[in-house]
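Below you'll find the structure, written out as structure tokens, and then a few comments.
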Ligand SMILES: Nc1ncnc2c1ncn2[C@@H]1O[C@H](COP(=O)(O)OP(=O)(O)O)[C@@H](O)[C@H]1O
Ligand SMILES: N[C@@H](CCC(=O)OP(=O)(O)O)C(=O)O
């Protein structure tokens, strides 16, 4: 981490995702039209520089609360979802008006986690978004709160934004919130909190800095922004947290003349399919692997064979995403399995030549083929 330096390889940034939080877009539970107008004209300025922009906009619930005259957000799920549905109409209407001012069109895209976990729907979303970008229309994305229940939820737009950034192979995600970046401790509680200008390694020290409690209008606090940054940097994509209330912040960022936190990406970039497996899918189960398998899979990039597996947790089917972990429960990565959980229980610890004898069939030698897995951490720097 660094409190001083900041290096932006600006020439690389042609396609960017801009996520704007509720705290930026709303004022006392109503939409802040000045901010919407200002961010819209900044987006147009980026368009004029030849850049492609995708907007992830929060604020539906805050807008809905105001519209139907509630004093605060309801706590029951159906009421929250209904309020969000009401607010979303208002939100998109205001963005549309503001962008129209600069002669640009917008499109609304509402997604659930399930949409991005299904490979077919994931590719459909990508095709649609790419078409909108080709047509120079601004895609405005939010979670489809109305139908998103816990198991299908992103839960926060920081992680949704990160997944969209990976889906579109964008060069950068700018996360605009109501504070100037990541501080070394929660600035609401500590007057001496210091802004970090650059984060180079996403260790537990960084996670510990983030307060889980969001601002009065936000959802995840800094915790979900760190989790989004972790996904992106391990996919080789940078993220910037900056204050969306600051005048001309997007333009300042692109001119590399801003205050905020820059998360430096890993140098290695995995394929977008591997990123989808490792960073978008939710694990259905877990496989514990021994030291030999860790060396083969993590260090040498080989497939996971039955011989290195020592434990199977939860039930899962062939093709499901499953995490592989160390004995100390450090998550090393995720992969799509060639055998279901009960078959792996029968073949774990055995040689591939014994698979047929134990199961009566042998569809694959590998439990997870190396093309179908992504390493997300290494034994020494990973933790649960
Ligand atoms: N270490 C930290 N650095 C900066 N902000 C923090 C930190 N820990 C907690 N926060 C809080 O996180 C808030 C931003 O999160 P949130 O309210 O969810 O924003 P948004 O609506 O933009 O997603 C800030 O207003 C800040 O008070
Ligand atoms: N989908 C919700 C936003 C959820 C969310 O992540 O909010 P925030 O923390 O303000 O980015 C809404 O539009 O109200």
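Glycine is treated like the rest: Cβ placed from N, Cα and C.
Just so you know, TrEMBL annotations are computer predictions that nobody has curated.
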Would you identify which residue of 41, 57, 58, 234 TrEMBL lists as part of the substrate site it also attributes to 145, 157?
58
In Å, how long is the longest CA to CA span across 58, 145, 157, which the record gives as the substrate binders?
11
Reduced to three DSSP states, the domain 'PUA' (285-368) has 27 helix, 23 strand, 34 coil
Hits among 19, 58, 145, 224, i.e. binding-site residues with CB under 6 Å from ligand 2, come out as 58, 145
Quick one: of the binding-site residues 19, 145, 157, 178, 222, flag those whose CB is under 6 Å from ligand 1, and say none if nothing qualifies.
178, 222
How many other Cβ atoms sit within 10 Å of the Cβ of residue 58 (substrate binding site)?
27
